[in-house]
Amino acid sequence: MTTGDLFETQADHARAAEFSPTRQAGLLRLDQFAARTGKHYASQRNFDFGPDRRSNVSALSPWIRHRLITEQEVLNATLARHSYLAAEKFVQEVFWRTYFKGWLQQQPSVWTSYNEGLQRALDDGARTTDYNDAVEGRTGIDCFDHWVRELIKTGYLHNHTRMWFASIWVFTLRLPWELGADFFLRHLLDGDPASNTLSWRWVAGLHTKGKTYLARPSNIAKYTNGRFNPEGQLAKTAEPLTEENAHPRVPVPSPDAMPDEGFLLLVTEDDCQIGATLPRQPKAEIGLLATQRRSPLAIEPIVQSFAAGAVSDAVGAVGAEDESWAEQIIAAAETAGVKTVVTGFAPVGPVATQLQNARLDRAGLTLCQIRRDYDSLAWPHATRGFFGLKKKIPTILRSLDYAV
Ligand SMILES: Cc1cc2nc3c(=O)[nH]c(=O)nc-3n(C[C@H](O)[C@H](O)[C@H](O)COP(=O)(O)OP(=O)(O)OC[C@H]3O[C@@H](n4cnc5c(N)ncnc54)[C@H](O)[C@@H]3O)c2cc1C
């Protein structure tokens with residue numbers, strides 16, 4: 001199979017334009033896909049037919065990750081067209097993102113230890129020839145090399161492909177999982193601390209202790225519709241990785257209440273649409289980015305510009321990423337004459353770290369992080385495996401007024 005010319009086609013350009021970081025583009029994609037969230041999705045979703053024939057999954061994740069469109073909007077569109085039973089599989093997939101976010105929120109040291117492990121791997125000179133071959137798509141494993149190029153070009157990979165990729169990285173190439181997770185986070189338009197870190201840990205046997213995911217050639221051949229068959233090239237066993245760190249569980253913090261006084265609205269890449277949920281207009285708005293802080297290494301320009309586009313679609317101008325958040329927020333609050341800053345709840349990750357480091361209280365500002373009811377209802381059930389949340393989905397949906 002030749003892969004070299006795959007991305008130099010007109011479809012390639014069309015695809016790049018398709019991932020346009022606007023709410024309108026996300027809503028359009030949702031409208032087009034909603035009819036396919038029923039039984040068709042359930043039976044076809046595991047196939048990766050390739051980037052030019054991807055109509056069996058939604059590719060909505062870049063918009064949902066930045067909340068240019070929200071999980072609830074996706075559920076609204078789905079359940080307006082299908083019964084819950086018909087769309088159950090798709091609805092559950094939407095809740096996987098929620099599960100990972102809620103889980104990491106309650107075991108935040110997993111994010112800290114991922115970052116420490118990544119820094120150690122980089123310091124140890126783990127960016128060896130093998131690593132360079134992997135990230136440049138020169139391993140000789142045809143499917144893997146193809147996916148590297150696809151990821152770099154498009155900023156997206158199919159879920160099943162992400163699983164195969166991570167499994168080959170950990171068990172065949174035997175590279176540190178943190179370097180693979182970082183490679184994803186720097187290249188995925190939907191790069192997300194919770195879904196990414198916990199999915200890599202799940203493949204490696206660290207999330208569900210001792211349970212790993214082994215990529216099998218026959219499974220790849222079947223679900224790529226025969227495009228690839230790495231027979232004889234992949235590890236045949238997947239011994240779970242282990243770690244010394246224990247990760248204590250912490251309670252989900254209480255959400256902040258909406259303030260009575262005038263406020264500055266801060267829009268970040270974690271929830272671009274929070275402004276639309278507020279009962280009152282802000283006195284002023286500011287948009288700030290933490291995208292470069294997803295990794296110590298350089299973030300791909302397409303990822304950076306998707307996040308910047310998403311925030312500016314919501315708020316107009318976006319602040320400079322290399323300047324201090326504290327200074328920019330304090331200056332904007334002073335200009336607006338307010339003492340309160342309202343933002344969407346920042347889940348564990350770079351935005352939350354930036355907000356913590358800003359220490360706005362020292363400047364006499366109050367920070368209110370407004371959490372959506374959807375998160376507040378679901379997160380407490382994301383403590384162990386996905387099953388714990390899955391069985392609560394109908395109850396959660398009913399609490400949100402869906403007729404389920
Ligand atoms: C190793 C690995 C790393 C991943 N890294 C990320 C990441 O950085 N960011 C990210 O958003 N997702 C990540 N995922 C999860 C998943 O692969 C993507 O969310 C999904 O492929 C997005 O494609 P889609 O929108 O076409 O999904 P669809 O199949 O159309 O599903 C609809 C929506 O449900 C959610 N969803 C579906 N599957 C998953 C899943 N397994 N986990 C979490 N949410 C899901 C997404 O919001 C998705 O947009 C990762 C998965 C793996 C195995």
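Heads up, the Cβ atoms here are built off N, Cα and C, so glycines get one too.
Just so you know, TrEMBL annotations are computer predictions that nobody has curated.
A 10 Å cutoff on Cβ-Cβ distances gives GLU93 (FAD binding site) a total of 18 other Cβ atoms nearby, all chains included. Look at GLU93 (FAD binding site): DSSP puts it in a helix. Per TrEMBL, FAD binding site is recorded for TYR41, PHE90, GLU93, VAL94, PHE95, TRP96, ARG97, THR98, TYR99, PHE100, ASP190, GLY191, ASP192.
Summarising the annotation, TrEMBL assigns domain 'Cryptochrome/DNA photolyase FAD-binding' to 90-233.
Within the set of binding-site residues TYR41, GLU93, PHE95, ARG97, TYR99, ASP190, GLU93, ARG97, ASP190 have a CB atom less than 6 Å from some atom of ligand 1. Spanning the residues TYR41, PHE90, GLU93, VAL94, PHE95, TRP96, ARG97, THR98, TYR99, PHE100, ASP190, GLY191, ASP192 that the record associates with binding FAD, the maximal Cα-Cα distance equals 23 Å. Looking just at the domain 'Cryptochrome/DNA photolyase FAD-binding' (90-233), the mean pLDDT is 96.
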